[in-house]
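Let me begin by presenting the structure, written as structure tokens, before commenting on it.
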């Protein structure tokens, strides 16, 4: 229900008092009831709408709105936080860095106060008496939050007021602001009451009752508990029994798959792994935010003397509540599924390798286990089981402390499917992602077949999940297995939730996640066949909207890395690569001199290892790969050491790496073994390719050195900023310097003077490119001083000369200039 003018529990809005005659339903005669049963949906809709509009005068002055609490700032001049606009500016910076965590709640307005109520427990979180509300303002369409309600409140015990910001979706902020302002006006004892008229206006603007449907409602589908779960489980079990172990059909398919089919399958697994890492990172940050709120709440309770709640403690209590157990279970399942995917992809990803990602995941896994009070909840997560390859891979990869954590999780994390009884049902795992993304179907497998299998697995998984919830609910009535979780109001909070023995620090897992911001697997394969380098010139400016896109300027010359789709992957002269739409590019026949880097910089992006997916024809050489990390020298490793990153099997896959000598030295043995397995003519062709590429690279390097690597200057106007520059000019300047979208959106809201006032540490705290921004600002300041220094000096000298001349004329002494002219 999208309204607020209803006395139904499904919506939020003005509800009637029990004292005004609407608390109980009036008596109806038998004829009236028969007439009502025959009333059409449209007539019923009109009756309800008229009732909602006409009964405003008879309802109590209590209105409720569902809002999202964005953040709370202390208005302090030291923090440059004085007005609502300052708060909106800081909100934009936090939003650009992904640090805004919304909290759903109910905002209630009556004739005495504005209250914040917990959506689930209905407990009052905050209470702001109307006389403590200093300012109320609606802010629309200033950032990604398009309807913001700003409340400035200061209680007598506070030294500085608080600024509370709410996002209002169901009822717009301007209507809620009008309601609050009218309540404040009436509380001051005005002769004419404003609030009834304001409520009537709100009801007219948003009656809150949806129109009747044009067609009768469809028959609802059967729920998970209503479907024939046993038949579906039997069907799934029969299919699994026919196929045997889950690894067997995969191996069978691998023998028949073409390189393109395997590439598509690996690409899908890579996408699933990326979304799993995203969801785990989000959950860890959510845990960290809850821990921070709990820590702040504990400090406040220790410092204050009375038991009365202080300002802001209610919202802190709500934010300190940990996620529900179901979210912990989902996170553990994604950890297990992620380990399975890493074992499958260990030969196909690099920089970092699958082994590095295993070490990377064990730190947040340890934090989640601690947050649940121990390994009990994690050990109860049965599906998905780890595969045999995964168990072998982890045994070879994990360190001593990681192995200790792994062993503590029990047999559900150690035993493969073959070690469980055949009659025991293991529900299939269907991952569900926070953003609603679903893995793409594999076309070569047959969409109907795979879709049927997916739906079957999902229905069985839903049934198993429903059964698990019922079992956990039944167990919770007998004895609380999760005693460390607080009650619904969130006030009883156990320190053991976040502190249980000598464990890892609160932010360590989050820092581990932040340490590799670009840890996503590269989903893009190079074409199978070797092609000469292609270049294109951009016809227009293009600003990247995410990390996978690349910002380009008009007339930029770009190297084309992948042009198989509508968005082409290109590399600019600085070595940065990303996707741009192909309709802004013009193909160039010959590359301009000096364009493109032969040694692109090191990147932290996980890339797919270029390996042969199947037998290849003799006349199909492999293409040079995009920049992977230097391959390690194959040295025998102990069992606890990470698995070495697989290297390309074909020597034609020589890539432009920063340490090409180490790669060539470390790959001689592999190359010789590879050559022994190939025909002589095939070996010669590959050697010729390597020699040709080496000759071309040497030739390019020599010619570039002779030309002194002259890069043609583009006819792009130079963009500078001054202290008087507007935020739009600052944003344009940042884009022209090639900063990423996060930096542009974070700093593009500042004017020139505000940007110049920030030091390096402040810039680093706002955006990851803070050091580079500071250096560019320093250059701009120096340019301003060079351009305006002489004129300012002349102005100062002119004023000084006027003063000397005036003093000389009063005393009868000639000025310096006059004296020197004689």
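Glycine is no exception: its Cβ is also placed from the backbone N, Cα and C atoms.
Swiss-Prot lists 58, 476, 625, 659, 662, 685, 811, 815 with the feature phosphoserine. Among the features that Swiss-Prot reports, domain 'PTB' is placed at 64-194. Among the features that Swiss-Prot reports, phosphothreonine is placed at 223, 317, 629. Taken from Swiss-Prot, the feature compositional bias 'Basic and acidic residues' covers 466-477, 671-685. Residues or ranges marked as domain 'SH3' in Swiss-Prot (evidence: sequence analysis): 531-590. Swiss-Prot lists 680-698 with the feature region 'Amphipathic helix', giving similarity to another entry as the kind of evidence. The region 'Helix bundle 1' annotation in Swiss-Prot covers 718-738 and is backed by similarity to another entry. The region 'Helix bundle 2' annotation in Swiss-Prot covers 752-757. As annotated by Swiss-Prot, region 'Helix bundle 4' applies to 766-785, with the evidence given as similarity to another entry.
Neighbour density for residue 317 (phosphothreonine): within 10 A of its CB lie 22 other CB atoms from the protein chains shown. Per-residue pLDDT, averaged along the region 'Helix bundle 2' (752-757), amounts to 86 for this model. Beyond the region 'Helix bundle 2' (752-757), the same-chain residues lying 6 or more positions past its ends with a Cβ under 8 Å from any Cβ of the stretch are 721-726, 729-730, 777, 780-781. According to DSSP, the secondary structure content of the region 'Helix bundle 2' (752-757) in residues is 5 helix, 0 strand, 1 coil. Within its own chain, the region 'Helix bundle 4' (766-785) has Cβ neighbours under 8 Å at 93, 96-97, 517, 720-723, 734, 737, 739-740, 742-743, 746-747, 755-756, 758-760, counting only residues six or more beyond its boundaries.
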